Amino acid sequence: MMRSHYCGQLNESLEGQEITLCGWVHRRRDHGGVIFLDIRDREGMAQVVFDPDRADSFAAADRVRSEYVVKVVGKVRARPAGAVNANMASGAIEVLGYELEVLNESETPPFPLNEYSDVGEETRLRYRFIDLRRPEMAEKLRLRSRITTSIRRYLDDSGFLDVETPILTRATPEGARDYLVPSRTHPGSFFALPQSPQLFKQLLMVAGFDRYYQIAKCFRDEDLRADRQPEFTQIDIETSFLNEEDIIGLTEKMVRQLFKEVLDLEFGDFPHMTFEEAMRRYGSDKPDLRNPLELVDVADQLTGVEFKVFSGPANDPKGRVAALRVPGAASMARSQIDDYTKFVSIYGAKGLAYIKVNERAKGPEGLQSPIVKFIPEDNLNVILDRVGAVDGDIVFFGADKFKIVSEALGALRIKIGNDLKLHTCEWAPMWVVDFPMFEENDDGSFTALHHPFTAPKCTPEELEANPATALSRAYDMVLNGTELGGGSIRIHRKEMQQAVFRLLGIAEDEQQEKFGFLLDALKYGAPPHGGLAFGLDRLVMLMAGAQSIREVIAFPKTQSAADVMTQAPGVVDAKALRELHIRLREQPKAE
């Protein structure tokens, strides 16, 4: 081996020992004839000192520059009094260098590794192999490795089998666009990259494997956001002969153990909340419980007011009027209220009414608002009592269709909580349960809220009679307002699966064409089964305190789904296209 130790392994116990290090020159300093090199490797940093009385090694140290790859032989010694660096794990010791060998030189990097904050993300991604040398970036990938190791160990110990499922499969409707791969041997036909291993893991349950897991690559051709990538990694889990409570308990224990092992954090039991309660109280099916603000329904107090903005939705069975109290924010400037009004318009809200509570004891005169005059005093007092308003508070109102009000005020709740730093704790895990089976579209058709293979809490006959009110056996784990994982008990009877397909408008011939293999499998003794999939990238992002999943993926794509380092996607030559039986209608433009 070329090295005896990693830099991060050096400590006082090695004092007096000769060691060999290999790594990169992170920093070089010349102090009065003595040269200091900070050597960096995967495990950390070590300071190496070269004295002029060792002429060869001193001359070599004088020639090296940042990011040279070097091998150093020297003796560990305690640092002089006053020279201890508390910011380095090895800051109490240093290495007196005897030999220095340059293994490779380096050009000046495109950006300094010590001053990276002003470097644009595209530049960092173009030179990702340089960006990943920064200790904070390397630590994120080390954390990712520790997380996957902990999860694998837990699942292995719990009797799960790690089974790989195909990457080249067929397109199935799962909610997003597929990445398609043309087949050379089957002209005109295409494989699809999997959006998830959903159907294959269900087939493994039919095959009797009982407990399956996989750290699986998944692909979705969709618009990108801070927490989305065209290719992402899923912790995929499926098990037979367990109900939803069993699966929730098993995976919750896994996450609790993970946080204890990796971050030394102890979680208690995760609270459970129904989808309906989450939407009513927080305006979201993934509420951030660190934020104490809540939505409160007040429509019953506004059905008879002349102000149509309120009375219209208050009398509409599909409408909602809700209030959001912000404690101590009555001094909020009008410009800030205008900014929040513009913000909720993103979610379809037509405005944002408010009441500033200055002195409640004075009645309406103690309230500052353009809407107070439209609400009878008795109703106004009921509303203020219901939301818990006291002097110094501001109360915002939303009135529209239920979905618009919930999403707009739910997003406003999160924004105000962040703006005013209202979080009451650092971590808030929870479960959301009892999701609707379907979302009803404007034309009366239905879309599966999770996916078409989720089992309902009713019989096929009851489901087809009342699809709009049917609940599913689905469950989501939420952490700090981010969906960590979603799962469900699956349909394991053919009759139920066909009933769901019919409600989704999938005709029988299309069922056979796209899902015939699944329907066949359900005829041959499919066991009751269910599972859950966690987004590994999101989980690592949260545990690392990163702002984007791009920070915790070694080689991520940009917001436009491109790899600026390898220049992918790229143009394919004409011969390759002919072999795939593909002709381009328009030639790609040179960039």
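Every residue gets a Cβ built from N, Cα and C, even glycine.
Glu483 is the only one of Glu277, Glu483, Glu586 that Swiss-Prot places in the ATP site (with Arg220, Asp221, Glu222, Gln229, Gly535, Leu536, Asp537, Arg538). The region 'Aspartate' annotation in Swiss-Prot falls on one of the ranges 6-9, 198-201, 302-305, 582-585, namely 198-201. For the region 'Aspartate' (198-201), DSSP puts the residue distribution at 4 helix, 0 strand, 0 coil. The local packing around Arg490 (L-aspartate binding site), expressed as other Cβ atoms within 10 Å of its Cβ over all shown chains, amounts to 25. Sequence-distant contacts of Glu483 (ATP binding site), defined as residues of its own chain at least six apart whose C-beta falls under 8 angstroms from its C-beta, comprise Lys286, Asp476, Met477, Gly535, Arg538. Rounded to a whole value, the Cα-Cα separation of Glu222 (ATP binding site) and Arg490 (L-aspartate binding site) is 25 Å. Following the DSSP three-state reduction, the secondary structure of Glu483 (ATP binding site) is strand.
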